[in-house]
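> Just lifted these from Swiss-Prot, have a look:
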{"type": "ACT_SITE", "residues": "Cys378", "note": "active site, nucleophile"}
{"type": "ACT_SITE", "residues": "His505", "note": "active site"}
{"type": "ACT_SITE", "residues": "Glu507", "note": "active site"}
{"type": "BINDING", "residues": "Ser13, Asp146, Ile147, Glu148, Lys186, Thr187, Lys188, Pro189, Thr190, Gln191, Lys222", "note": "CTP binding site"}
{"type": "BINDING", "residues": "Ser13, Lys186, Thr187, Lys188, Pro189, Thr190, Gln191, Lys222", "note": "UTP binding site"}
{"type": "BINDING", "residues": "Gly14, Leu15, Gly16, Lys17, Gly18, Ile19, Asp71", "note": "ATP binding site"}
{"type": "BINDING", "residues": "Tyr54, Gly351, Phe379, Gly380, Phe381, Gln382, Glu402, Arg459", "note": "L-glutamine binding site"}
{"type": "BINDING", "residues": "Asp71, Glu139", "note": "Mg(2+) binding site"}
{"type": "DOMAIN", "residues": "290-532", "note": "domain 'Glutamine amidotransferase type-1'"}
{"type": "REGION", "residues": "1-265", "note": "region 'Amidoligase domain'"}
Amino acid sequence: MTKYIFVTGGVVSGLGKGITSASIGLLMKARGYKTTNIKIDPYINYDAGTMNPYQHGEVFVLDDGGEVDLDLGNYERFLDTELTFDHNITTGKVYSTVIEKERRGEYLGATVQVIPHITDEIKRRIREIAKDYEVVVVEIGGTVGDIESMPFLEAARQMQLEEGRDNVAFVHVTYVPKLKVVGEQKTKPTQHSVKELRSLGIQPDAIVARSEDPLEEAARKKISLFTNVPEEAVISAYDVEDTYEVPLLLEREGLGKYLTKRLKLEDREPDLKDWEKMVAKYKALTETVEIAIVGKYVKLQDSYLSIKEALKHASVSNEVKVKIRWIEAEDVETHGTKLLEGVDGIIIPGGFGARGAEGKIQAIRYARENDIPFLGICFGFQLTVVEFARNVLGMKGAHSTEIDPQTPYPVVDLMPEQRNLDRLGGTMRLGAYPVKIKKGTLAYSLYNKELVYERHRHRWEVNPNYIEALEKAGLVFSGVAGDDERRMEILELPDKRYFIATQFHPEFKSRPMRPAPVFHGLVRAAKEYKQEKNVTH
């Protein structure tokens, strides 16, 4: 019998429900239970693909091409697993299916309503995934009380009734503020949030209380009394230095043990040794390197969450802490490359559109001319080709047709299959594709494989008509698409200390114990470069 753990949130958004859900998943997996995580997003968008990163953070891409919420990235990293597009349930998907069924006449003339038709479709989607697992953690996005999440909470309530109380548990994540004036933790917002949840027919089994400092005993007792939750199930999730500490904190607080007992599962000893080692290693790092990320969404760092995490993974493997210098690409256009002075490495991440493109190109030139360890990703890969064409091959005005359709040298062009599309959503080259790597290259030394699968999200590519000229001038295309060798995937400059760019997004497959090879290589090169600089000064 599959066990379900629903994670809801109250008081305010952005409390870390995603990290809490990922941590619960890890605690169950560490006990030897076959576990997966589902994210419910109550927005009406079908998927996260067309959303502005400023509103929603990065769009995470899965192997099957699903463009999903960044929380699924956390689930994949914490559980070291590969999820599918079906693991992200949105209001848009649910309503689409129900409306399609109604049009096909599957409801036989019934009035189609939120209950039972929408709620039934939600339950069907959850159970469809649950078939292969012993434990399923379902995070319901938004805050209790939001109008959008009502059908999902109702579906969860019904599931407890249908599956039996021993098979469905509810964990409610709330916020316990501390008012400076009185210096005590206030439980009233939590009480009201649980009251709201109860009014929907859901009694939480555990409360994860988010706070700046550990939960005081008086606050714990009060929460327990007013929310009808045993004291042992009021979990103190205070702020920690790093998100990877959260599972260990929740385990120490007894959440894993409590949930196994509550769901009538055998309480096995969790195996978290590797995780503990990784966290201890990261916390012990003293040596640092500074890597610049030159992007167009840097005001919201969640826009580049997977890159931040991949750098963290590479920190552990290289025993050096990465400090990120966030640089707005447009600022490079106005203030020049002095903003990059002193960095040990430079990353140009993915992105779309003209804003900040020239600033990114200046940063690429600065990295190339000053031999600073460099990694370009997706749009960063394409702009590296543009920079090289302009400044090495002398192709004045060379550009991507995405930004300048009239460029005299369209070195980056729309892929042929993208030319006649009239829809934006879900139509890019998305998901895991094979990449063939040439032996004897930097890319090969990083991957040690001739064929790898990496995740993509793009419409434009290096124009095959310019490849010969670019290679003649010294640019090496060390990786090509496994399904079409005219499609370039990796480029490098062999005469530089570390200069590489990829059409794919390596950050999406990076894991805490297995950093993405190009990130590992970048941090290693940055560490060596900093040591060299220190010797010469």
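Each residue's number is its place along the chain shown, starting with 1.
Using N, Cα and C of the backbone, Cβ positions are placed for all residues, glycine too.
Buried or exposed, and what's around them? Tell me for each listed feature.
Neighbour density for Cys378 (active site, nucleophile): within 10 A of its CB lie 23 other CB atoms from the protein chains shown.
Around the Cβ of His505 (active site), the number of neighbouring Cβ atoms within 10 Å comes to 24. DSSP assigns His505 (active site) to coil, not to a helix or a strand.
Taking all protein chains in view, 31 other C-beta atoms sit within 10 angstroms of the C-beta of Glu507 (active site).
Annotation for Thr190 (CTP binding site): same-chain Cβ neighbours under 8 Å, separated by at least 6 residues, are Gly10, Val11, Thr174, Tyr175, Val176, Ile207, Ala209, Ile223, Thr227.
All protein chains included, Lys188 (CTP binding site) registers 12 other Cβ atoms within 10 Å of its own Cβ. When secondary structure is read from DSSP and collapsed to three states, Lys188 (CTP binding site) falls in the helix class.
The local packing around Gly16 (ATP binding site), expressed as other Cβ atoms within 10 Å of its Cβ over all shown chains, amounts to 19.
The number of other CB atoms found within 10 A of the CB of Glu402 (L-glutamine binding site), across every protein chain shown, is 19. The DSSP secondary structure for Glu402 (L-glutamine binding site) is coil.
For Glu139 (Mg(2+) binding site), applying a Cβ distance below 8 Å and a minimum sequence separation of six or more within one chain yields Val7, Lys17, Gly18, Ser21, Asn37, Ile38, Lys39, Ile40, Asp71.
Mean pLDDT across the region 'Amidoligase domain' (1-265) comes to 93 in this model.
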> Cβ-Cβ under 8 Å from Pro189 (UTP binding site), same chain, 6 or more residues apart: which ones?
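Long-range Cβ contacts: Gly10, Val11, Thr174, Tyr175, Val176, Pro177.
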> C-alpha of Thr187 (UTP binding site) to C-alpha of Phe379 (L-glutamine binding site): distance in Å?
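Pair distance, Cα basis, whole Å: 47 Å.
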> Restricting to the recorded positions Ser13, Ile19, Lys222, His505, which ones have a CA within 10 Å of the CA of Gln191 (UTP binding site)?
Lys222
> For the binding-site residues Lys17, Arg459, which Cβ has the most other Cβ atoms within 10 Å, all shown protein chains included?
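The residue with the most neighbouring Cβ atoms within 10 Å is Lys17.
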> Just to be sure I understand the packing, how many Cβ atoms besides its own are within 10 Å of the Cβ of Ile147 (CTP binding site)?
8
> Return one of helix, strand or coil for Ile19 (ATP binding site), based on DSSP.
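Ile19 (ATP binding site) sits in a helix per DSSP.
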